[in-house]
Each structure stands twice: as structure tokens, then as C-alpha cells.
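If you check Swiss-Prot, you get these features:
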- HIS67, HIS69, LYS159, ASP326: Zn(2+) 1 binding site (BINDING)
- LYS159, HIS192, HIS248: Zn(2+) 2 binding site (BINDING)
- TYR164, ASN347: substrate binding site (BINDING)
- SER79: phosphoserine (MOD_RES)
- LYS159: N6-carboxylysine (MOD_RES)
- LYS256: N6-succinyllysine (MOD_RES)
- THR510: phosphothreonine (MOD_RES)
Amino acid sequence: MAPQERLLIRGGRVVNDDFSQVADVLVEDGVVRALGRDLLPPGDTSRGLRILDAAGKLVLPGGIDTHTHMQFPFMGSQSVDDFHQGTKAALAGGTTMIIDFAIPQKGSSLIEAFETWRNWADPKVCCDYSLHVAVTWWSDKVKEEMKTLAQDKGVNSFKMFMAYKDLYMVQDQQMYAAFSQCKEIGAIAQVHAENGDLIAEGAKKMLALGITGPEGHELCRPEAVEAEATLRAITIASAVNCPLYIVHVMSKSAAKVIADAKREGKVVYGEPIAAGLGTDGTQYWNKEWRHAAHHVMGPPLRPDPSTPGFLMNLLANGDLTTTGSDNCTFNTCQKALGKDDFTKIPNGVNGVEDRMSVIWEKGVHSGKMDENRFVAVTSTNAAKIFNLYPKKGRIAVGSDADIVIWDPEATRTISAKTHHQAVNFNIFEGMVCHGVPLVTISRGRVVYEAGVFDVTAGHGKFIPRQPFAEFIYKRVKQRDQTCTPIPVKRAPYKGEVITLKPRETKEDDTAGTRMQGHS
């Protein structure tokens with residue numbers, strides 16, 4: 001694929017997170033070279049310049065999907081959107097970068113998992129990508145590998161699971177240790193916030209009651225299970241003074257916990273996803289098993305139909321910060337592994353292609369947020385948190401030319417029949433969305449235009465991320481300087497100190513226990 005060296009995007013409304021302006025955008029060698037009015041006279045196509053007319057359209061920074069799982073081996077199967085198909089679909093939806101997860105098994109090397117995911121992705125990706133790395137166990141080796149990943153491999157985010165007991169779940173003391181190391185190396189800690197112990201017990205209870213269908217998935221993981229874990233994670237992170245990022249915020253209860261924590265000054269960020277913003281958990285009670293199973297994911301969609309609107313309100317007002325898709329797709333025949341037991345249904349839904357349109361429809365078209373906030377929650381905030389800004393997440397001189405020409409008035413109807421993902425269903429089936437990407441530009445190349453791709457596997461590149469992102473660590477460093485407890489200066493105690501007698505007999509122990517119980 002020959003390089004496309006020069007583009008002029010003419011006459012569009014350039015939208016960044018902080019302001020909008022009508023301007024031309026000149027792109028050369030994969031970056032934005034100039035931004036302003038009437039950069040070149042009409043008809044100047046010299047030296048290979050291609051002019052794209054964006055009059056009446058919006059020119060947006062390419063979307064950054066903070067949460068994907070391409071070709072992920074999980075629950076006995078593997079997600080069907082691989083790094084090629086999944087990233088092509090992302091481009092069709094206006095997303096020009098994804099951040100996927102390298103997830104080692106317990107006892108396995110984090111660095112080896114990272115290299116495995118790199119080997120899967122590098123030859124296939126059609127857009128730029130980066131990797132979070134999961135911490136699924138704890139040891140001195142894990143601690144050292146986190147440091148190596150942050151310093152040498154371009155990883156500045158590590159995810160801990162509070163769910164998936166006996167698979168990925170870590171205990172509180174392990175989470176405290178991992179959070180402490182994140183702070184030491186300048187990374188941001190991420191958590192999947194659900195109480196894994198309660199989920200395990202709840203699943204047993206549902207199956208004992210004869211509830212084997214997809215509704216059992218939500219019934220054993222109610223909102224309280226998500227909210228409790230969210231509060232616990234925030235409490236642990238606050239004790240460490242470590243910045244925290246809550247992935248896939250799915251419930252009103254968990255979102256309220258995050259909003260309250262932000263009002264208390266905690267450095268915490270919440271990530272709702274396209275699924276939770278675009279549909280709800282009433283789907284689990286659908287009479288058709290396959291329809292219900294298609295929506296199974298963890299944490300589950302919530303049956304309260306007001307949840308998507310509530311999450312969008314908090315996303316619009318700043319209580320929630322970014323958006324991902326948690327794209328982890330399994331075909332119906334894979335979901336059918338759990339046809340007689342909901343605990344065996346592979347968890348995951350689509351969203352990488354439809355995230356931008358769903359958020360525009362439910363957020364901007366509904367009047368909840370403006371175009372600038374849309375750019376913030378789909379691109380810029382992620383770039384700032386994960387230390388990609390201003391190369392990503394902004395249209396400015398020197399920024400990467402990851403750009404979308406967006407038609408806010410056009411509509412499209414989402415359907416599995418027309419989407420570009422490998423999965424054979426779509427949880428947003430039939431949704432009419434205002435807001436359609438007309439042209440997607442990745443690394444300075446037009447890779448998608450009017451429904452046609454011009455991109456090959458390997459076009460995208462791995463983007464390393466440096467630690468100590470200023471957007472989050474400025475506050476953390478200042479708090480270390482000003483909020484560290486100090487001892488009270490006082491004169492030493494010089495009075496009498498009693499002598500404790502050693503307990504030598506079982507009777508002494510019993511007596512001591514009785515005395516303590518009546519003190």
C-alpha cells in the first residue's frame with residue numbers, strides 16, 4: 001500500500017474537546033502540518049495533494065476505544081473478531097485506535113503474555129493499537145515485570161480482576177500490592193469491579209433453583225455486587241494514592257460510587273461502554289434463548305431500563321470520563337456452550353464498530369452533550385489518561401493524522417447484515433443512529449470512504465505509552481508532598497507500664513478470651 005503523503009480536508013468544522021472552528025486541515029507524512037482558513041487556493045492539486053471536501057461536515061479526532069478483546073481465548077473458546085477484522089470494523093465506525101488487553105493465566109509471565117498479544121496483533125492490525133496488561137496473580141516476579149513493561153515496553157496501565165474466581169481474580173492484599181507498584185512505576189491501575197466470591201455463591205444458588213438461562217447471569221451479579229467492588233477498589237487505591245480507572249461501568253449504583261468519589265477529590269475515572277449506553281438488561285428475559293444469550297457479558301447489562309440514560313447523563317457532566325466497547329465477540333454457536341448452564345456462556349458483546357454512532361445518537365442527538373464533549377469522551381480523555389495526548393485525541397499541528405469526517409445529520413440502521421465485524425449478531429440490531437463517519441483517515445491515509453476500505457493488515461502500529469501521564473500524576477505527586485501523614489511531636493511517656501504474663505495453658509487462653517469478651 002503506497003503512502004498517501006498529502007491531504008487537504010477543506011471547509012469542515014474542526015471539533016476538539018475544548019473548541020470548534022471552521023478550518024482547513026493539511027496532512028503530510030501522517031501528521032497534521034497546518035490548520036487554518038483557505039490554506040491553499042481551490043483546485044491546487046499539485047505534488048500529489050488530494051482534496052477532501054468537508055463543507056457542512058464535522059472533522060473529528062479519530063476515536064480511541066479504550067477497551068477491546070480481539071481474538072481473546074476465554075471460557076473455552078476464542079472471540080471471533082481478530083485483530084484484522086476487529087480493527088477494520090473500528091475504522092468503519094470512526095475509531096482509529098484501540099487499546100486491547102494482554103491477559104496472562106495465573107502463574108504465567110506478564111511479559112510473555114504481552115509478547116504473545118504483540119505477535120498476534122502486529123501483522124494484522126489495520127489501525128494503531130496499544131495494550132493494557134492484566135495482573136492475575138502476585139509475586140516478586142510480577143512486580144519486577146510490571147516495572148519492565150512500564151519502562152521498556154510502552155505499557156502504562158495494568159488491570160486487576162475482582163471477579164472470575166479461580167481464573168483471574170485477585171484478593172484485596174494482592175490488589176493493594178499491585179496498586180502500590182502501579183504508583184511506583186507511574187502507571188494507572190484498572191479494575192474489573194465485581195465481587196467474585198458473591199458471584200460464585202449466587203451462581204450456585206441460581207442453578208439450585210433451576211435457573212439455567214441467561215437471566216441467571218444477571219441475577220447472580222446484581223448491581224450491589226458491582227457497586228461494592230467499585231467502592232472497595234476506590235478505597236484501596238485511595239489508601240495507596242494510586243490513580244484508578246474503573247472499566248465497563250454498567251450500573252447506576254457503581255456510577256454513583258464513582259461520582260461520589262470524584263466529588264471527594266479521589267483520582268478515579270469511570271468508563272461506561274457502548275453496550276451499557278445503548279441497551280439494557282431486560283434482554284436477558286427474552287423468550288428466545290439465543291437473543292438473551294447474545295447479550296451476556298460481565299458485568300451484565302442492567303434490567304433497569306433507565307440505566308443507559310443515567311450513565312449517559314454522568315458521561316455528559318464529567319462524572320464518567322471515557323468510553324470503550326469491551327468488544328469481545330462470540331458467535332451464537334459459541335454462546336451455546338452454556339445452553340443448559342448460564343455460567344458456561346462465553347461473556348462478551350460487540351461494539352467496536354458502533355460505539356461512536358451509539359454515543360452520538362444517545363448523547364449528542366438527544367441533547368445530553370455537545371460535539372466537544374463527544375470528542376472528549378470518545379477520544380481526547382482517553383489520550384490524556386493513557387499518555388497519548390496530543391499526538392492522539394486532538395487535531396492540531398504536529399498531531400497524528402487520525403481524523404474522521406463525520407456527518408451529524410446522516411442516519412444509519414445498525415444490523416448484523418451490514419456491519420463489518422465477524423460476529424453473526426449485533427446487540428444494537430435495528431437501532432437508527434444519527435451521526436455517520438463518511439471518511440476515516442488513519443496515519444495520514446484515507447482508509448475508509450463511502451463504505452469502501454483501502455487498508456491492508458499491518459497498516460496500524462503498536463503505540464508505546466510512557467509512564468507518569470501528567471494528566472493524572474500531577475495531582476498524585478502533589479498529594480504525596482502535602483498529604484503524607486506526619487507523626488505528632490510529643491514528650492516520651494515515662495510512667496508505669498504493666499508486664500504481660502505469657503499464656504502457657506489452654507485454660508489461660510480460655511480465661512483470657514472470657515475476660516476480653518466482658519471488657
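Backbone N, Cα and C define each Cβ position, glycine as well.
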Those recorded positions, out of SER79, HIS192, HIS248, LYS256, ASN347, that come within 10 angstroms of HIS69 (Zn(2+) 1 binding site) at the Cα: SER79
Among HIS67, HIS69, LYS159, HIS192, LYS256 [recorded positions], residue with fewest other Cβ within 10 Å: LYS256
For SER79 (phosphoserine), the three-state class that DSSP assigns: coil
Of the recorded positions listed as TYR164, HIS192, LYS256, ASN347, the one whose CA lies nearest the CA of HIS67 (Zn(2+) 1 binding site): HIS192
Beyond the site residues LYS159, HIS192, HIS248: chain residues whose C-beta lies within 8 Å of the centroid, for Zn(2+) 2: HIS67, PHE161, GLN190, VAL191, ALA193, ILE246, VAL247
Pairwise Cα distance for ASN347 (substrate binding site)/SER79 (phosphoserine) [Å, integer]: 10
From recorded positions SER79, TYR164, HIS192, HIS248, LYS256, the one whose Cα lies nearest ASP326 (Zn(2+) 1 binding site): HIS248
Other residues, Cβ within 8 Å of HIS67, HIS69, LYS159, ASP326 Cβ centroid (Zn(2+) 1 site): THR68, ASP100, PHE101, HIS132, VAL247, HIS248, GLY324, CYS328
Sparsest Cβ surroundings (other CB atoms within 10 Å) among the recorded positions SER79, ASN347: ASN347
Subset of recorded positions (HIS192, HIS248, LYS256) lying within 10 A of LYS159 (Zn(2+) 1 binding site), CA to CA, in sequence order: HIS192
Largest tally of Cβ atoms lying within 10 Å of a Cβ, found at which of the binding-site residues TYR164, HIS248, ASP326: ASP326
Proximal residue to LYS256 (N6-succinyllysine) among binding-site residues TYR164, HIS192, HIS248 (C-alpha distance): HIS248
